[in-house]
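Per Swiss-Prot, the features are as follows:
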- Thr2: N-acetylthreonine (MOD_RES)
- 22-24, 37-39, 49-53, 100-102, Ser150, Asp265: substrate binding site (BINDING)
- Lys37, Lys194, Ala195, Ser196, Ser233, Leu234, Gly235, Ser236, Gln237, Gly238: ATP binding site (BINDING)
- Glu199: Mg(2+) binding site (BINDING)
- Ser259, Val261, Met295, Thr298, Gly300, Ala302: K(+) binding site (BINDING)
- Asp265: active site (ACT_SITE)
Amino acid sequence: MTEPAAWDEGKPRIITLTMNPALDITTSVDVVRPTEKMRCGAPRYDPGGGGINVARIVHVLGGCSTALFPAGGSTGSLLMALLGDAGVPFRVIPIAASTRESFTVNESRTAKQYRFVLPGPSLTVAEQEQCLDELRGAAASAAFVVASGSLPPGVAADYYQRVADICRRSSTPLILDTSGGGLQHISSGVFLLKASVRELRECVGSELLTEPEQLAAAHELIDRGRAEVVVVSLGSQGALLATRHASHRFSSIPMTAVSGVGAGDAMVAAITVGLSRGWSLIKSVRLGNAAGAAMLLTPGTAACNRDDVERFFELAAEPTEVGQDQYVWHPIVNPEASP
């Protein structure tokens, strides 16, 4: 394991878990055309994967984070070097296979963005268990654990439930941002779940075409004990916050996006930083909304600027409370959508 920088004992520590990290490569081309050889611009390399992105933004915002992740091969070595250069503390579980790459191609002529995501390496059972062992030790002294991103090929879909069980035994709040089977197999133990509408739709098995349906689905997860709090990111339309007793709508922050990468991770990071400061959920989600907007100003997967986050935070309107009578839930039962 590697940890190039010590954490500040005076600050609440945030542990992030990234089971499928990536070396993010961003480049540009005039026009994307099939079959032709396209001459691209100089590449930009960034350390990536959900939890790693969260740790980078926590660091930018002045929080104290340690990124925990498996890594291997030359891509894993470069990813670690980039994190070290950024001053983000990390702990690595060495694996035999090589860390994956992901590619973002910006088409200059149209301002369109193309994102290509590789599946990632398979982890042995021993490597998977070592990740949990490292988390178990780290969670005991953490203020929050953030598990974010996809699971690698071959890892059981209930892996994040095992993460939740570890956090529950450590009395450490878990913030989860994932999709697919990793999300669908969560049954309990999550403090805050961040989901897009698509991810929420997959989780409950309904189309969720309207805001009342989206809020009702979020409350369904809370009522079933799968999470205590649900934040639904709505992209350009803002966000929703659901707790056991209330719901709030957060408006989007007007701005012109440069990139569509990383806004969700920035939102999760800023929410966690806010909570680690002792802020209310509402204030923390306002900060998350601001960080998500600030992330859209950066090229590729570069971290957002703290000044932009603070500026957008000041611009962000207070949320609107949504009455319970506006989101009565009539679920469409999908036996494959929930455990």
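Positions of Cβ are set from backbone N, Cα and C atoms, glycine also.
Location within the structure of each feature annotated in Swiss-Prot.
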| residue | record | contacts (Cβ under 8 Å, 6+ apart) |
| --- | --- | --- |
| Lys37 | ATP binding site | none |
| Gly49 | substrate binding site | Thr18, Asn20, Pro21, Ala22, Phe69, Ser148, Gly149 |
| Gly51 | substrate binding site | Thr16, Leu17, Thr18, Pro21, Ala67, Leu68, Phe69, Val146, Ala147, Ser148, Gly149 |
| Ser150 | substrate binding site | Met19, Asn20, Gly50, Gly120, Thr178, Ser179, Gly180, Gly182 |
| Glu199 | Mg(2+) binding site | Thr178, Ser179, Leu183 |
| Ser233 | ATP binding site | Lys194, Ala195, Ser196, Val197, Ala239, Ala263, Gly264, Met267, Gly292 |
| Gln237 | ATP binding site | Ser252 |
| Ser259 | K(+) binding site | Thr104, Asn106, Gln113, Met295, Leu296, Leu297, Thr298, Pro299, Gly300, Thr301 |
| Ala302 | K(+) binding site | Arg44, Asp46 |
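Nearest in space to Asp24 (substrate binding site), taking C-alpha to C-alpha distance over the recorded positions Gly235, Val261, Asp265, is Val261. Ranking the recorded positions Asp24, Asp265 by C-beta neighbours within 10 Å puts Asp265 at the top. Close to the residue listed as 'active site', meaning Cα to Cα within 10 A, are the following binding-site residues out of Met38, Asn53, Glu101, Gly235: Asn53.
In this structure the alpha carbons, written CA, of Val261 (K(+) binding site) and Asn53 (substrate binding site) are 11 Å apart. Closest to Gly235 (ATP binding site) in space, going by CA atoms and restricting to the binding-site residues Met38, Asn53, Glu101, is Asn53. Other Cβ atoms within 10 Å of the Cβ of Gly235 (ATP binding site), summed over all protein chains shown, number 15.
Here the binding-site residues are Ala22, Met38, Ala195, Val261, Met295, and the one with the most other Cβ atoms within 10 Å of its Cβ is Met295.
Summary of the K(+) site environment: with the site residues Ser259, Val261, Met295, Thr298, Gly300, Ala302 set aside, the chain residues having Cβ atoms within 8 Å of the Cβ mean position are Thr26, Val258, Gly262, Leu296, Leu297, Pro299, Thr301, Ala303, Cys304. For the binding-site residues given as Asn53, Thr298, the lowest number of other CB atoms within 10 Å of the residue's CB is seen at Thr298. Within the set Lys37, Lys194, Ala195, Ser196, Ser233, Leu234, Gly235, Ser236, Gln237, Gly238 that the record links to ATP, no two Cα atoms are more than 40 Å apart, and one pair reaches that distance. Same-chain residues at least 6 positions away in sequence with a Cβ under 8 Å from that of Glu101 (substrate binding site) are, in sequence order, Ala22, Leu23, Asp24, Ile25, Thr75, Leu118.
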